[in-house]
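**Student:** The structure follows.
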């Protein structure tokens with residue numbers, strides 16, 4: 001008898017094969033393993049002898065496909081394997097679900113409980129099954145208890161999430177396909193050359209932010225400022241104090257220092273403070289990506305992928321969450337009990353010692369209605385490869401740190417007053433009284449200072465000092481992690497999409513890795529410049545952030561999907577009108593960028609000349625440099641050549657500026 005030959009069952013659709021297996025094993029002690037089209041699926045019976053077939057998808061099985069031409073507004077959902085050759089592997093999953101849907105009594109979407117999971121399951125059931133017979137399973141971890149609870153509490157389809165997801169797909173498709181085709185058509189009509197180019201609703205403002213930042217760095221000229229350091233002899237101590245005052249002119253700093261030398265100082269106040277250093281809340285995805293990047297240098301995209309693997313292995317809760325909270329419905333004690341039976345036993349013993357066995361989660365500010373903060377499930381990890389272990393260890397330690405206790409620090413602060421002079425300054429040292437969570441989540445360091453013992457009324461003398469010159473610094477280059485933080489602060493994308501968007505920009509050769517930093521390529525530079533110049537609305541962060549807010553409102557049922565899509569089409573029409581006016585200029589700019597037509601190059605780089613034999617950036621650098629030299633002269637009293645040498649030798653000086661300075665020095 002073929003046990004896989006069944007009918008009259010309910011079809012449960014999981015997002016991935018690992019998830020399908022976990023669901024089957026949670027719902028039955030002996031699930032029947034079957035294979036068809038080279039894909040595994042499982043059959044189970046419940047206590048009422050109802051049959052269930054658990055089948056995996058492979059993520060999205062459907063994608064949007066529109067007509068050729070420009071502009072395009074309409075698209076239909078088509079099987080991915082038909083419209084994308086790189087997704088041909090999804091055909092066997094499509095065939096399996098299609099064949100199993102024919103004999104199903106009903107359908108259960110058990111894909112990840114987020115916007116994408118809701119859309120994946122909805123489209124599969126709508127196109128291959130019967131959406132009128134569909135239900136939803138919602139869980140935050142692939143543990144037996146979570147899956148059983150979700151199975152017992154099956155609900156109606158989450159249409160607000162589905163509508164928000166479909167709106168996001170349609171809007172991203174509308175902007176991506178039309179802006180990309182506009183760029184390619186402009187180039188093809190002008191230079192008779194077809195080149196694949198792309199732009200998008202979220203990726204374009206992100207690219208422009210990196211490019212604008214890089215331009216400002218290349219144009220940066222450090223300016224001098226001055227501070228004063230003094231050496232104070234008091235009791236047996238020789239204290240090196242940096243006075244908290246800045247001077248624009250060196251003469252002012254020297255005059256200030258001369259007045260201080262040999263002055264008496266007196267301790268006028270001693271303050272002892274004990275403060276708590278609060279333990280951290282559990283991770284949301286962005287926090288995890290930032291910490292993994294800071295500690296291990298792992299890219300946000302890879303952090304997300306590794307976390308998803310750990311989730312599918314049943315080791316952590318669902319990672320694509322914005323929440324920093326763990327609700328009371330989740331048993332902290334059971335999780336800790338599970339970790340006690342793993343390699344984390346010593347750490348659990350330490351947490352128990354710190355808390356006396358009473359565990360209270362440090363709840364964060366951010367929340368997510370769909371999922372709690374990322375936390376270990378309590379299942380013991382076994383033989384994890386190094387990359388997985390690093391992420392799991394971060395999550396486990398962060399969770400245990402969040403249920404331990406705040407650290408306790410003491411700060412001793414001495415206020416010293418200079419006699420016959422309007423200046424007070426402080427000297428302090430920090431001591432750790434109780435480490436608590438710092439011993440659990442040991443990735444956070446607190447520096448203890450060498451103690452200083454002074455009393456009120458103690459006197460000393462300023463015996464020496466010096467004037468320090470410091471140069472202003474440009475903003476730091478973006479790393480993948482800092483760019484992710486900028487995207488979050490600008491409300492661009494979601495916690496589930498930001499890391500992937502950064503990787504897309506690298507894959508399309510708009511950005512490239514430069515050590516731990518990312519910088520624009522020549523192509524990325526030109527694309528950003530063209531979008532900035534001709535289509536500023538597309539790269540306006542406010543427009544994209546506003547759209548993200550509207551999509552969130554769909555998810556909470558506050559606005560209709562159709563209204564948001566209509567609004568985007570109106571904005572797209574405005575873009576198309578602007579494009580028609582600038583089409584030839586866009587084509588010419590792209591042709592120049594790709595080297596398809598000859599240009600008169602800047603004497604310092606490959607960009608087109610703008611004025612005086614210079615591109616517009618080197619010309620701007622020259623103008624800024626002339627102004628900066630005058631500021632240097634006023635502040636330092638240096639001669640012209642010395643100023644140029646100081647600017648040239650500074651690591652902060654931008655590339656465009658250095659090119660101009662080098663030429664000026666060679667001409668003197």
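The backbone N, Cα and C atoms fix where each Cβ goes, and this holds for glycine too.
If you look up Swiss-Prot, you'll see 318 marked as active site, O-(5'-phospho-DNA)-tyrosine intermediate, on the strength of sequence analysis. The annotation Zn(2+) binding site is assigned in Swiss-Prot to 602, 605, 615, 618. The annotation disulfide bond is assigned in Swiss-Prot to 4-34 on the grounds of a large-scale study or a structure entry. Under the heading domain 'Topo IA-type catalytic', Swiss-Prot lists 158-576, citing sequence analysis as support.
Map the listed features onto the structure and describe their local environment.
**Tutor:** Cβ-based neighbour count (10 Å, all protein chains) for residue 318 (active site, O-(5'-phospho-DNA)-tyrosine intermediate) stands at 24.
A 10 Å cutoff on Cβ-Cβ distances gives residue 618 (Zn(2+) binding site) a total of 27 other Cβ atoms nearby, all chains included.
Using a 10 Å radius centred on the Cβ of residue 4 (disulfide bond) and all shown protein chains, the other Cβ atoms total 14. In the three-state DSSP classification, residue 4 (disulfide bond) falls within coil.
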**Student:** Fewest other Cβ atoms within 10 Å: which of the recorded positions 34, 602, 605, 615 wins that one? Let me know.
**Tutor:** 605
**Student:** What kind of secondary structure is residue 318 (active site, O-(5'-phospho-DNA)-tyrosine intermediate) part of, going by DSSP in three states?
**Tutor:** coil
**Student:** What three-state secondary structure does DSSP assign to residue 34 (disulfide bond)?
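**Tutor:** Its secondary structure by DSSP: strand.
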**Student:** Of all the recorded positions given, namely 318, 602, 605, 615, 618, which is spatially nearest to residue 34 (disulfide bond) at the Cα level?
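**Tutor:** Given the candidates 318, 602, 605, 615, 618, the nearest one is 318.
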**Student:** Among the recorded positions listed here (4, 602, 605, 615, 618), which has the Cα closest to the Cα of residue 318 (active site, O-(5'-phospho-DNA)-tyrosine intermediate)?
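**Tutor:** That would be 4, the closest of 4, 602, 605, 615, 618 to residue 318 (active site, O-(5'-phospho-DNA)-tyrosine intermediate).
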**Student:** Once 602, 605, 615, 618 are set aside, which residues in the chain still have Cβ within 8 Å of the Cβ centroid of the Zn(2+) site?
**Tutor:** 601, 603, 604, 606, 607, 609, 610, 614, 616, 617, 619, 656, 659
